[in-house]
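Engineer: The structure that follows is given in the form of structure tokens.
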Amino acid sequence: MKQERSFRKVLLALAVGCAFSTAAIAAVTDQDISDDAKTTADVVSYGMGLQGQRFSPLDKLNADTVKNLTPAFVLSYGDEKQRGQEAQPLVHNGKIFVTASYSRVFAADAKTGEEIWQYDHRLPEGIMPCCDVVNRGGALYDNLFIFSTLDAQLVALDQDTGKVVWKEKMEDFKAGYSNTAAPIVVKGMVITGVSGGEFGVVGKVEARDAKTGKLIWSRPTVEGHMGTLDGKDNGITGETNKSWPGDLWKTGGAATWLGGTYDAETDSLFFGTGNPSPWNSHLRPGDNLYSSSVLAINPADGKIKWHYQWTPHDGWDFDGVNEFVSFDLKKDDGTVVKAGGHADRNGFFYVLDRTNGKLINATPFVNKITWAKGIDLKTGRPEYDDTNRPGAPGSAEKGTSVFSAPSFLGGKNWMPMAYNPGTDLFYVPANEWGMDIWNEPISYKKGAAYLGAGFTIKPLNDDYIGALRAMDPKTGKIVWEAKNKAPLWGGVLTTAGNLVFTGTPEGYLKAFDAKTGAELWKFQTGSGVVGCPVTWEQDGEQFVAVPSGWGGAVPLWGGEVAKSVKNLNQGGSLWVFKLPKTTS
Amino acid sequence: MKLTTCCSVALTALLLANPLYAGSLEEVKAKGVLSVSLYKEFPPYSSVIDGKQQGVDVAIAEALAQKLDVKSDIRLVGADENVEDDLRNNVWKGHYLGGGVTDVMLHMPYDNAFSEKVDKVKFVAPYQLEQVTFAFDTNKVGKQPTLANFTSEPIGVEIDTLSDFYLLEAMQGQISKNIRHFPNLTQAAEALKKGEISGIMGPRGELEGILSARPANIQIQGLITPGLARNNWAMGVAVKAVNEDLAKAVDGAMAEMVKDGTVKTIFEQHKLTYNPAAEPPTATATTPEATPAPTAQK
């Protein structure tokens, strides 16, 4: 086994050598990926750097010049397959790559928008993705564009031709698995999570050889499950049955459906995990590790270094998948702590020591939180408000309705926040909503009587749901906010030009002053913006790109909220803007 | 002239490309086909065995179509998180991935309280009363077990079902540690036959069907289930609400099939006990103006 592995390393080295000799400039290297946050001519990773800060050091485009930002081109995704466009584009070697709904990929000339190729993944019948047919982006490595599909495959395409180089089945879509997250590439390995809406799915994080797709290690996220390394057992996750009753750990959930980030300084992968199964917390007393948590994983062998559980014994479907963003916490006494920031669905903004997972601070980033009175900084655990936990099923009566805020769609959902080391602020796309939740004895599943839960999502304010908020990680306080009528569902970008970009379901891409929150610029893209903006520089001009196309979970789950968004039109296009040379 | 030909060709192509469209009675008669959604991998009701669609619901759907003087076109579909989702995906709207809808879907609840929540669909033609029961190994728990036996013996359930949730909380949680969760009852039945578990709790039709060939030590029988609010429910047919004529025709046809013994015969051919849906479940029968249930054949 050992031999086989070193043999593969030799092959790998040969392959790298070849790539260099034939297309020295085109190949994306590990170094390119490590430097992505610093380099301004390309965007080669999800998060614009593996730490996920979504910060660009470019400053030609700034609070003064942003008024001159003008459309460069728009690329239409075409056909009737519209729905949510949640992707983050990538830019390399003069090409822009973007994934689209229904597991499609487009490559275009980054300057002119002229399409180079399009890849339409053939989706089988019977896939059942839970929350729209979105895709959140790909990863670049060597000559490959790697992305995951709704039928739970990982596909590597040739960057120049769009032809499939390798394809690996991550999981069986027939068992309820699918995938929409952007993979990341760390040390030549493509790292992914899994998603699955059905019961019986157990989350895991996996590393594959980025050039071949061959599995290297797998790390399940629920205690009791065996991990693997090079096809051999590699230790059980946690301690079997420590925080679960009976055999429920076998089907415990904790799906890693949003992918993860990586920090080279601590050599750790950070992957968030979803809610535990079954949904009703009364049926599974215990913390239910490692659901609704973040796991720090060693990329060399897939072992868990530490964990922090955002919502132990999650009873609200809060998930814990939101991104964990590494940053330097500059304290008032001049010390710098290697920290990480995270805005959870549960409404708290957390700062952890990323070397050991110890809680440094946790404060609300939304105005109303009912499930907990606070997070105890000594124990790191929530102070629950037990009266606000949804009730136990089993009764024939419609249980008392509990009003819970945030709603299960979260104070912040999947849409990635950004961190600006210049302002030392996090920019969080937040939503103010709650839910009425009750036990619903009159429900059916697969034609059989069932004890379900009923819920209605409700806005907390008449005039807005969304609020882009600047959070100070040192104080945990909200520094500024920019309200939005519809819920925010798109990612955030911040730049050294003192700017913050994000999109709105109403169709605008907007730019804000990073220090004050003043709205400086907006552009109507024609459909809701729920994708992630990026910026880069080419031939002396700064570009900004964002996908446009309304969709995602809100129109599917929105309850009363759905009313406020029902007139938004779908779409499917990539908008690219630039600051013309003459005006910068 | 050329334009109209071109358009009608395109239209025909469109209709052919998208045959799954929930039609009115007139449209069903005109196309000569009743399209039906049934759950896939759902023995003994609907599954593919030896490349052929088989099961109680398949036979009932075929008989129903025959009664309406049309052919049946059965689509086997996966179950979503709940029946409301299944109805949206298969009866009134169609899944957002495409594929359209069918005229009717079987194995749908016939329950007034539930139908009030789903106004896009009409629930008609009750044809069966399903109930929760137990299969157990008499070598392990004897011939007259009670729930208490499973405080010390392993019992299987299909994950995320009424039986699962009931047992997790039954007897003050004393059974929860002995529950073995399976993705479906077929796998639970295998475990029961192998002696890995001592009992299964689940819907009777499924247990009888899956265990139709069973050793003498495996018995299927109801047990007293204190605190279980609903141990039976009626099954019928769902039709898109706007297609009222079709709903009426299906209701009438099924009533005759229940009355003349057609449905009972189908159950017996599949070696299942037949319980007619004589009336909606008592716990939820509140609306007097609901569609009257057909007289059941005892």
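Cβ coordinates come from backbone N, Cα and C, glycine included.
Keep in mind that TrEMBL annotations are predicted by a computer and have not been checked by a curator.
According to TrEMBL, the feature signal peptide maps to A:1-26. The feature pyrroloquinoline quinone binding site is assigned by TrEMBL to A:E86, A:R136, A:T180, A:N413, A:W414. The annotation disulfide bond is assigned in TrEMBL to A:C130-A:C131. Per TrEMBL, the feature Ca(2+) binding site maps to A:E198, A:N275, A:D317. The active site, proton acceptor annotation in TrEMBL covers A:D317.
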Engineer: Can you give me the same-chain residues 6 or more apart in sequence from A:N275 (Ca(2+) binding site) with a CB-CB distance under 8 Å?
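Structural biologist: Set apart from A:N275 (Ca(2+) binding site) by at least 6 residues yet with Cβ under 8 Å, we have A:G253, A:A254, A:S291, A:S292, A:D314, A:D317, A:F318, A:D319, A:G320.
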Engineer: Within 8 Å of the Cβ centre of A:E86, A:R136, A:T180, A:N413, A:W414, which other residues of the chain have their Cβ, at the recorded pyrroloquinoline quinone site?
Structural biologist: A:V134, A:A181, A:L258, A:M415, A:G552
Engineer: Compute all pairwise C-alpha distances among A:E86, A:R136, A:T180, A:N413, A:W414, the residues listed as binding pyrroloquinoline quinone, and give the largest one in whole angstrom.
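Structural biologist: Among the residues the record ties to pyrroloquinoline quinone, max Cα distance equals 14 Å.
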Engineer: Rank the binding-site residues A:E86, A:D317 by the number of other Cβ atoms within 10 Å of each Cβ and report the first-ranked residue.
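Structural biologist: Per the Cβ count, the most surrounded site is A:E86.
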Engineer: Using a Cβ cut-off under 8 Å and a sequence separation of 6 or more, which residues in the same chain sit near A:N413 (pyrroloquinoline quinone binding site)?
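Structural biologist: Spatial neighbours, sequence-distant, of A:N413 (pyrroloquinoline quinone binding site): A:N322, A:R345, A:N431, A:W489, A:A553.
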Engineer: Inside 10 Å of the Cβ of A:R136 (pyrroloquinoline quinone binding site), count up the other Cβ atoms and send me the figure.
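Structural biologist: By my count, 27.
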Engineer: I want to check the contact list for A:T180 (pyrroloquinoline quinone binding site): same chain, sequence separation of six or more, C-beta distance under 8 angstroms. What comes out?
Structural biologist: A:E86, A:P129, A:V134, A:N135, A:R136, A:S148, A:L150, A:S195, A:W257
Engineer: Where does A:D317 (Ca(2+) binding site) sit in DSSP terms: helix, strand, or coil?
Structural biologist: coil
